[in-house]
Amino acid sequence: MKEEDLESPLLADDKEPAPANGARGCTYALVCALLASVTSIIYGYNRGVMSGAQKFIQADLGVTDAQLEVLIGATSVYSLVGSLVAGWACDRAGRRRTIVLSAALFLAGSAVTAAADGYAALMAGQLVAGVACGFGLVVAPVYIAEISPANARGFLSSIPEIAGNSGILLSYIADFALAGVPTPLNWRLMIGIGAVPPLFLSAAATLAMPETPRWLVLHGHHDEARRVLVRTVGDADRRLQEIVTSVQEATKQQQAAAGSGSAAPPSTSVWREILLRPTPAVRRVMIAILGLQVFQQASGVAAMVLYAPRVFSHVGITSERAVLGATVLLGAAKTVAIVVPLFLADRLGRRPMLLSSAGGMAASLLVLGLSVSMRSTTAAATSWAAATCVAAAVAYMATFSLGFGPVIWMYGSEILPLRLRAQGTGVGTAVNRVMSAVVGMTFISMYEAVGMAGTFYIFAALSAAAWVFVYACLPETKGRSLEEMEALFDGGAGAGAAPSARAALS
């Protein structure tokens, strides 16, 4: 790998960058985070556009409900593959090059899906788009966690989730705006628009984004890592030394785990430490990450994102424009609420936001189930039930976005040790995609079996279980550097336990 390729062309010069003060460093990291988060905007658009497009696809191509359920759910299965490969790509090719690759996949997936002339072509397009979604879910959080200074990491790590929700909202708006276009063209335009942002992302990643300092150190490029750190933190030499020490400790652990004087191949060693022989601290980290990912999707967010028009139609909203308008309102509430963690995650901490979010989700899903069960044949009762259903759905999306939307990605990306971060994030994302696929591929069948109200009661119970999990298992990480996180999980430090001496040094 050529050293001149490790920095973006717009940043590579022969002059030593001016040292960053706090504001300048945060501004530079913010620009990098915003560019990386374009990946999340594209992901959100691809995820949400099928909500409004599915009806027109069925009318144009004759797709049945069963086929549609498989098509939508299979996208999450494909993203599972993408998330696992993305962890490997991040470690081998680098975070920045993996962003470029994800943009290329998004472009190809949108183009193939929009041009589809049958169910098989739709599945092929969603295969490529799904793999791209897996890449996008992994690489943006990892990149931002590693490029951000510790005092702004919570703020910056919330941006991908905000960007993803903005993408969902944009897709709902596109569905609403294009619904009046003749059917052979409307859904193709809805999906085809998603091929435009990847072009911008590819150019931005190639020209304006640096590689992360931790990846550079991990691959022996210390000078390049220092150049990036000079732009993002006030004391680049001290932070460089901390990262170098962390990498050296990780290498010693890998050599010790190999049982001989030489370490196993890096990828093999990483998978062994994550899945086969985790240390107690790594085991607790992975339980925290996987538990959060399972509960995020088990709360039913994929059902609301993908099938909101069906839910609103079921409760008695008959106008197509009213259904799509209510869906836009849902996306707007989700996007507006997601801004709150951006400002409060570093002030209040991760645990309070996750606990508040889980409690609000459980309550709003309970009300949503009650509103669906009280649907009546009278116009007044139907109007009341419909209004309550929309309000409860909006409340659910808002409370989800306060914590379980952005904070779990922030929490997961920051508690993993450097040597495990990319592939550990990939494993967590893979579990998230499996759960999303389960919800997406069973929602129609579930509400036909137990009723729409019963389905939301199940989601409410799982959200309550998520509250218990957060309270019992997750320690606070606010204000700690990435190199201290493993020590925080040493010795069984749980939610209420004090951190170890090493973690307290900050």
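Using N, Cα and C of the backbone, Cβ positions are placed for all residues, glycine too.
What TrEMBL says about this protein:
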| type | residues | note |
| --- | --- | --- |
| DOMAIN | 32-478 | domain 'Major facilitator superfamily (MFS) profile' |
| TRANSMEM | 25-46 | transmembrane segment |
| TRANSMEM | 99-121 | transmembrane segment |
| TRANSMEM | 127-150 | transmembrane segment |
| TRANSMEM | 162-181 | transmembrane segment |
| TRANSMEM | 187-209 | transmembrane segment |
| TRANSMEM | 285-307 | transmembrane segment |
| TRANSMEM | 322-345 | transmembrane segment |
| TRANSMEM | 352-372 | transmembrane segment |
| TRANSMEM | 384-409 | transmembrane segment |
| TRANSMEM | 430-450 | transmembrane segment |
| TRANSMEM | 456-474 | transmembrane segment |
### Task
Give the one range among 99-121, 127-150, 322-345, 352-372 whose Cβ atoms make the most pairs under 8 Å with those of the transmembrane segment (25-46).
127-150
### Message
Need one number: mean pLDDT over the domain 'Major facilitator superfamily (MFS) profile' (32-478).
### Response
86
### Query
Would the transmembrane segment (322-345) count as touching the transmembrane segment (384-409), i.e. at least 3 C-beta pairs under 8 angstroms with sequence separation of 6+?
yes
### Query
Excluding the flanking five residues on each side, which residues at least 6 beyond the ends of the transmembrane segment (352-372) place their CB within less than 8 Å of a CB in that stretch?
292, 295, 299-300, 311, 314-315, 341, 344-345, 385-386, 388-389, 392-393, 395-396, 398-405, 407-408, 411, 451-457, 459-461, 463-464, 466-467, 470-471, 474
#### Entry: Tertiary contacts of the transmembrane segment (127-150) (same chain, 6+ residues out, Cβ under 8 Å)
22, 25-26, 29, 32-33, 36-37, 39-40, 42-43, 46-47, 74-87, 89-90, 95-96, 98-99, 101-102, 105-106, 108-110, 112-113, 156-157, 159-160, 163, 210, 212-215, 228, 232-233, 409-410, 412-414, 421-422, 425-426, 429-430, 432-433, 479-482, 506
### Query
Honestly, do the transmembrane segment (162-181) and the transmembrane segment (322-345) touch, with at least three Cβ pairs under 8 Å and pairs 6 or more apart in sequence?
yes
### Summary
Near the transmembrane segment (430-450) in space but 6 or more residues beyond its ends, with Cβ under 8 Å, are 65, 69-70, 72-77, 79-80, 83-84, 133-134, 137, 290, 293-294, 296-298, 300-303, 306-307, 310, 314, 458
